[in-house]
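What TrEMBL annotates here:
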{"type": "DOMAIN", "residues": "B:24-256", "note": "domain 'Phosphagen kinase C-terminal'"}
{"type": "BINDING", "residues": "B:27-31, B:His93, B:Arg127, B:178-182, B:209-214", "note": "ATP binding site"}
Amino acid sequence: MQCQECGKRPATLHYTKIINGEKTQFHLCEVCAQEKGEQIPGLETGFSIHHLLSGLLNLDSQAPDDQPPEMAARQKGLRCPTCGLTYNQFSKIGRFGCSDCYRAFGDRLDPLFRRVHGNTAHRGKVPQRTGGQLKIRREVERLQSELSRRIQNEEFEEAARLRDRIRALQEKLEG
Amino acid sequence: MSLSRFIQRALSEWMRGKGPQSEIVISSRVRIARNLAGMPFPMLATSSQSADVVRRVEEVLRQGDVHPALKGAEMIRMDDLSELEKRVLVEKHLISPQLAEESRYGAVVLSENEAVSIMINEEDHLRIQCLFPGFQPQEAWKLADELDDWFENRLSYAFNEKKGYLTSCPTNVGTGIRASVMVHLPALAMIQQLNRLFPAITQVGLAVRGIYGEGSEALGNLYQVSNQVTLGQREEEIIDKLQGVVRQMIQHEQNARTRLKETSLTQLEDRVHRSFGILSTARVISSKEAMERLSDLRLGIDMGLLTGISANVMNELMVMTQPGFLQQYAHMRLDADERDIRRAVLIRERLSAEEG
């Protein structure tokens with residue numbers, strides 16, 4: 001069943017509201033339910049990390065000198081083309097809908113990453129099978145810092161060997 | 001079922017209590033979050049997409065060349081478990097409450113010794129978790145890393161050059177790694193040094209929280225130390241930092257134990273033996289009191305003040321006296337008062353099994 005509010009995402013919250021004896025049935029997705037301010041069991045219990053995050057994001061958008069208001073308004077209207085999550089919804093929920101949200105919201109997310117992680121760029125592991133090019137570039141970077149260390153220590157034989165390996169890897173990247 | 005048979009079947013590897021520095025460190029865990037490429041995260045996935053994630057993981061596990069750590073592993077669907085069974089898995093730290101209660105098409109892959117548990121359709125498609133006894137964060141990371149490679153060779157992950165492994169929550173992006181160590185710090189608690197130690201730990205980007213109990217109260221003097229940052233640091237740096245900080249905590253705790261022994265040996269012995277007396281004779285005991293007494297007992301064993309009892313009694317009992325386990329053992333629903341009685345019985349039986 002689709003969500004009756006957005007008609008796009010699957011409905012995961014089903015409930016009946018009785019107001020003045022009148023029953024109304026609701027079938028909503030998590031995102032629209034949160035927007036409507038409905039309580040989702042479990043999500044609302046205690047102190048949620050997602051609330052804390054949305055606090056950080058909203059703090060960002062409230063900063064008056066941050067950027068011209070018309071630009072902020074445009075970013076509020078940002079929407080992930082793949083899953084349909086808007087930036088506005090993301091800033092309320094504090095969770096992404098799919099991996100394309102990262103691209104859709106782009107640099108707008110960096111202040112958040114800086115606050116949470118102190119960084120904006122990944123330096124860790126790279127997938128073995130699909131990470132090919134990036135893996136080689138990381139290896140080149142590693143060898144280059146090793147190379148300058150060897151040169152400083154005047155270990156020229158080892159440095160020459162490293163230089164050759166770097167060259168071979170760089171050719172592989174270009175070829 | 002006899003208690004010993006029940007224990008045999010109930011114990012995960014980490015609860016058996018062996019492992020480096022196990023007199024202070026209970027367990028080490030590494031969890032990595034991964035998502036499959038081209039599939040919405042569980043929060044927004046349709047039922048058929050979520051079912052597909054489970055099916056794809058099941059398929060790769062069924063192929064012949066399974067990773068050695070996953071030999072004999074079993075996939076368990078949350079929909080096939082009773083509330084009580086799910087609760088027991090949560091109490092054993094094998095699945096999260098979120099997977100048990102909120103997931104759609106949630107499942108877990110459990111290795112035979114329960115050192116590996118892979119949650120499917122929790123907040124992310126995959127949560128690969130390795131849980132080792134004692135102080136072994138490097139070993140846990142090494143296995144998680146290998147399993148990650150094994151899966152990545154068979155499934156395509158959501159990955160982006162700038163942001164690394166993409167996760168549902170921005171707090172996990174990058175490496176997707178959460179490494180944590182569970183420590184028992186009774187001596188530091190007794191000399192009231194924890195409130196000086198903890199702020200220092202949070203300043204270096206690690207988090208400390210009590211394992212049991214609500215809010216600031218930490219029952220049984222058990223704490224979990226874990227990394228907060230997942231983006232911008234290499235996995236090895238994250239593990240090294242955690243390991244370095246915990247090593248210092250171990251040193252502080254050891255110093256505190258030595259000081260207590262030098263300055264107040266009799267009072268310490270009295271406390272340990274009183275707790276032993278209560279645990280081995282009580283007829284009704286709350287979970288709060290049980291945790292506190294078990295912590296005393298464990299300290300007494302680790303400091304050589306109490307002999308003839310194995311150190312893993314605390315690891316076992318702190319899990320087995322939780323509500324889910326007690327009800328599982330009793331084969332029936334129990335209210336809080338009944339649980340306090342059953343808890344006392346279980347502890348007495350377990351301790352008398354040690355003496356016999």
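Quick reminder: no glycine exception, Cβ is built from N, Cα and C everywhere.
Sequence features annotated in TrEMBL and their locations in the structure.
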residue  : record           : Cβ neighbours (10 Å)
B:Ser27  : ATP binding site : 26
B:Val30  : ATP binding site : 30
B:Arg127 : ATP binding site : 25
B:Ser180 : ATP binding site : 23
B:Arg209 : ATP binding site : 14
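Mapped onto three states, the DSSP output places B:Val30 (ATP binding site) in strand. Annotation note: B:Ser180 (ATP binding site) sits in a strand segment as assigned by DSSP. Looking only at the domain 'Phosphagen kinase C-terminal' (B:24-256), the predicted model's pLDDT averages out at 93.
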